[in-house]
Each structure stands twice: as structure tokens, then as C-alpha cells.
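Chemist: Attaching a single structure in C-alpha cells format; questions to follow.
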Amino acid sequence: MKKMNSMALVLLVVYGVMCSQILPAFSSIRLNNRPIIGILAQENRLRDPQPQGTSYIAASYVKYLEAAGARVVPIRINLTDAEYEKLFYSINGLLLPGGEVDLETSQYARIAKIFYNLAVKANDDSDYFPIWGICLGFEQLTVLTSGINVLTKTKTQGVGMPLSFTSDAMESRLFGFFPEDLMQALATEDITANYHEWSLSVQNYTANAKLMNFYKILSTNTDGKIEFISTMEAFKYPFYGMQWHPEKNAFEWVDKSGMSHSPSALKAAFYTADFFVNEAKKNFHYFEDEEDESKALIYNYCPVFKGQDSIFIQNYYFD
Ligand SMILES: *[C@@H]1O[C@H](CO)[C@@H](O)[C@H](O)[C@H]1NC(C)=O
Ligand SMILES: *[C@@H]1O[C@H](CO)[C@@H](O)[C@H](O)[C@H]1NC(C)=O
């Protein structure tokens, strides 16, 4: 993967000028200004000392989307395929959060696959439905697209890193409209929080035709030995994956290495959320009626404070 940071910055300036001419057309697109985004729950972590339910969603993901103007619906585990399908046609986008469950045998994997297949079909039928995979969610997307697990172990637990942007990043949908100072910060400051054991190496991505044809690589990183993909977007679908955690910058407070709350780290959090919520605004699914919608929303649940030294400061528990 080529690293062309200074070249990229020049392109960014040029592109910024171009974009200002594209904007009027863009803003005339009809938008759904009341988007509701599903966040997938998962089986509890083994290391969670006092779970108050059999599955959970870390509250940071909920706040992350709410801060950008979306409402959230939890997608609980163990429902029937038909219930997930109904939910799919009620929501405007899906966030696959980070976590620790198995990418093939967990409920998380099962449900992600149901939504992924529905989303591919919807988008093929001009029903715009975005998916945002963070960390485990990124890894899950690679398994869903390729049909196999080609991830490899990396030393990337608790490390903040700058992104090595590819030359494609500047014309990408995801980064294309980011302000220049934020792109500069992302390229030079340790503001992307990495908490993953597994990664998609550039080598394995390049060797897998399904992944190569589906995703455009926007940034890479390395653990010193293995170069891996840190941000990607699908060529033809509004599907996005980041191996790093934008939501932690603003909403997680465990005092660990890799965590940054600097002004540019916060900007990275909010600009990524803003981008995704705007993608969800292009979808027009809706709940059958207001009662259905009210019952589904996250407001029916109370997050539990897990302590300042917990990896997730608050969790939502289900069932
Ligand atoms: C989901 O199903 C599994 C297996 O049947 C069960 O062990 C687990 O407790 C269930 N979880 C929920 C949230 O219903
Ligand atoms: C490539 O994928 C295989 C699994 O198919 C995995 O065992 C291997 O570690 C990966 N290698 C790299 C360099 O990513």
C-alpha cells in the first residue's frame, strides 16, 4: 500500500476546492432528518464482573450516534430471522460495534450476516442502507464479504496511532469532506484508539479477490511487523469499516494507553459519526407505527455505570 501523505495533502486542498462546487447539488438531496440506527448487541464479555443481563451494548456507541443527531434502537440477540427482517425495514442504518465474540459462531455473527445480506439486497434495489463496522464490526465485515476468516494476530492492544492514508482516501466518501486540519491530525497524531488482537493484513487483503473487489482501502497501520488495514469503504455499497475506535475518544474514560481525548481526537469522533448519520439520513425505512417505534428505542433501557477503570464506562444490558 502506497503511503503518500504529503501528496495526499496537496490532493486534499485541490479536492476541497472542487467539493465546494459540488456541495449545492449535494444539499438538494432529499434527507430523512429523523434517522434511527440499529446497534447490534452481543453476548457478555467473560471479563465482565457483574453483567445485568445476558447480552450488552457499550453505551459509548449509543452516545456516539446520538451526539450526531440519530436515535438508536438496540438489536437484541436470539430473535428469529423474521423479527430481524422486520427490524431491518424499520431502521435507517446499522452499527456493528467492537467486542470479543466469535466471528462465525456467535449470535453477533449470525445477526450481522442477516442484516448484511438484507443490506446488500436493499442497496442493489436502490434502497440506500449504510453499515458502519467498528473494530470487531470491521472484522465481521471482512468475514461476511469474503466468506472466510483471513484475519491475523497483531500486537495492537491499547495503542493510539496516526493513520497512514492511501492515495484513495482523499477522494473517498468517508474522508472526502473532512476538514484539512482534521486530516492532518489523523495523519500525524496518535488519535486512533486500537484495541484489537486480530487484523486484516494488507497481504491477505491483496490475496483475496472478494475483499479486493469489494473494499477500497483508505488507511493502513502497522504493529511493527504486519501492515494491516485500518479504514476501508466498499466501492459500490455504503459499507464502512474502521479497525480503530472513534467513539472511545469522546465517551470512554478508562485511563489506559491508546486512549486520547485531545481536541483533534474528539473532532475525529464527531466527524466520523456525522458522516455515518448523514448516510443513514438517505434511508427512508420506518416503523409500522409510533408505538412500535417507541417500544424499540434505546430509551426503554438504562445504562449501568461499570466503574472508571472498566473498559466500558457504561453498558446497556438486555434480557
Ligand atoms: C440465547 O440462546 C442461547 C442458546 O439457546 C442461550 O444460552 C442464551 O441464554 C440466550 N440469550 C438470550 C439473551 O436470550
Ligand atoms: C492470512 O490468512 C490466514 C487464514 O486464511 C491466516 O492464517 C494468516 O495468518 C494470514 N496471514 C497474514 C499475513 O495475514
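Cβ coordinates come from backbone N, Cα and C, glycine included.
Annotations for this protein, taken from TrEMBL, read as follows:
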- 1-19: signal peptide (SIGNAL)
- C135: active site, nucleophile (ACT_SITE)
- H245: active site, proton donor (ACT_SITE)
- H245: active site (ACT_SITE)
Chemist: Roughly how many angstrom lie between the C-alpha atoms of C135 (active site, nucleophile) and the residue listed as 'active site, proton donor'?
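Modeler: Here the two Cα atoms are 7 Å apart.
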Chemist: Can you give me the same-chain residues 6 or more apart in sequence from H245 (active site, proton donor) with a CB-CB distance under 8 Å?
Modeler: G98, I134, C135, T192, A193, N194, Y195, E252
